[in-house]
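As recorded in TrEMBL:
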type     : residues : note
DOMAIN   : 133-259  : domain 'PROP1-like PPR'
REPEAT   : 172-202  : repeat 'PPR'
REPEAT   : 208-242  : repeat 'PPR'
REPEAT   : 311-345  : repeat 'PPR'
TRANSMEM : 312-328  : transmembrane segment
TRANSMEM : 348-370  : transmembrane segment
Amino acid sequence: MRERLLYLLKHCSNLKHVETAHGFLVRTALHHDKLLLSQFIETCSSLGFSAYAHSVFSVNSQSHPHIYVFNTMIKGMTLCNSAFEALLVYKSIGRVGLRPDCYSFPFALKAVVDLRAMSLGTQIHSQAICAGLESNVHVVSALIQMYSSSARISDARKVFDEMPLASVCSDDVVVWMAMIAGYVKVGDPDTAMDLLSRMPRTQTNGAVLITWTSVIAGYAQMDRPDEAIAVFRKMQLENVVPDEIAMLAVLSACAQLGAFHIRLGECIHGYVKKRGFDQMVTLKNALIEMYSNSGNINNALHVFENMTRRTVISWTTIISALAFHGLGTQALDMFSRMEMVQVKPNDITFIAVLSACAHVGLVDLGRYYFHAMKYRYGIQHEIQHYGCMIDLLGRAGYLAEALELVSEMPFQPNAAIWGSLLAASNIHGDAELGELALLHLVQLEPWNSGNYALLSNIYASAGRWDKSVMARKMMRDKGVRKMPGWSFIQVSTRTHEFIAGDTSHPQFDRIHGTLFTMNEQIKTAHYDPINKFDNHDSDIGPASISYCSSF
């Protein structure tokens, strides 16, 4: 009878089922059975009937209290996003003569994390110590997660270090996983990797894979893709088989590096097909982004066109890819296809669409989409959408309209918007607008030497040499250093980076001689590359031109 009831409770799917099961439990006097009552509470919570679960719990917790039932109720409340009520249930444990056990504390600490109630969390930590559970793996991992969630990583590490080594080095990998995840969460993948290298290897592949994947993702999220890929290679050397989540993390790193690791990205694409993951939408989206960032828009399109199911993210990613490659018309055609199949765009989609309009100079169409966002799709304008529209107007020469749109924004203009206006003023020779943009940029990013150089060029182009010199002087007076120009070129599998003024490359003499010969041949053909450069920038000279010509 009990086993059949447990089975039926696990398979309830609506309120009528729940009410019928509850009635049967009461009629047969089985509602005091801790396992059946706990399963009933868990079923109610999973179906979203937390109030019903709590009412049944309240009736039974006084007459027949059992810690197992209390733990299930706390867990159920946290699952239903009722963290405050979960903590009230936790506090009531002592009032009925029970003591929290090794499951009570983790459930309560999860509620603390949801509420961000760290002061209460430290109290629960003290209670766990008083209960003699400060070395229990479930309690320790929950404490580490709690402290890490509020960036108190030193407190989390103290809890970890105080764990008895004999216990940690056996099968208690959950503690190591929590600590590694904590370091990733606070943006310290180096320490996470150090712990991963020392983590006992007695656990299952699944636990190992989760920790490796979290470190890879940590490096990728910190814009350190080289390290992310290095960790992925180490994972392979340790014969840890990656799953779709691990591949998603490393594809993100490949996308950041663009053409540098296109071959690795292609290998991962092949692995995705081999493992049967080739219809996973998230992986396909990541492949589109990776191919786009590496410059292979044809492969990105191939992946997209072979998808059997596409989400709004899929459409947005390919539209962004086409716009990024300057294929604005194709990007807008893709958006039309998206509308035809009735996939509703989101705010990110319109950033890509407005960017595509800017690339092909379709001002009227850009204005239409900018207004359609709100009135047709109900999507509120964010500062990024204003930035795209201002960039579109600026590129097309509608400088007054762009400046008016800046004044109408419900946001404070950021550096990207003023930088867009500064660039537009340079294109169209509007020194007055350039000066206005720079005054704001100096406040927002006083360290950016490019802003001063651009304004200096605007003045020089207009023949206002005194103002041009003054812009340079302003940069020197503020102690702003001009960042040296740099470029790179990939030969076979090796990437060579060049920085203006740097002579450390092992083939420097040969490269410099070849570039000098090329410059002389160009001059012989009556074309002077140096004079064709914007030589208003006093820091540009023959050497820096030579080093940049490999771009």
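Each residue, glycine too, has its Cβ placed from N, Cα and C.
In the predicted structure, the repeat 'PPR' (311-345) carries a mean pLDDT of 93.
Residues 312, 315-316, 319-320, 322-324, 326-329, 331-332, 335, 338, 379, 381, 384-385, 388-389, 391-393, 395-396, 398 of the same chain lie 6 or more positions beyond the ends of the transmembrane segment (348-370) yet place their CB under 8 Å from a CB of it.
Across the range of the repeat 'PPR' (311-345), the DSSP-based residue counts are 26 helix, 0 strand, 9 coil.
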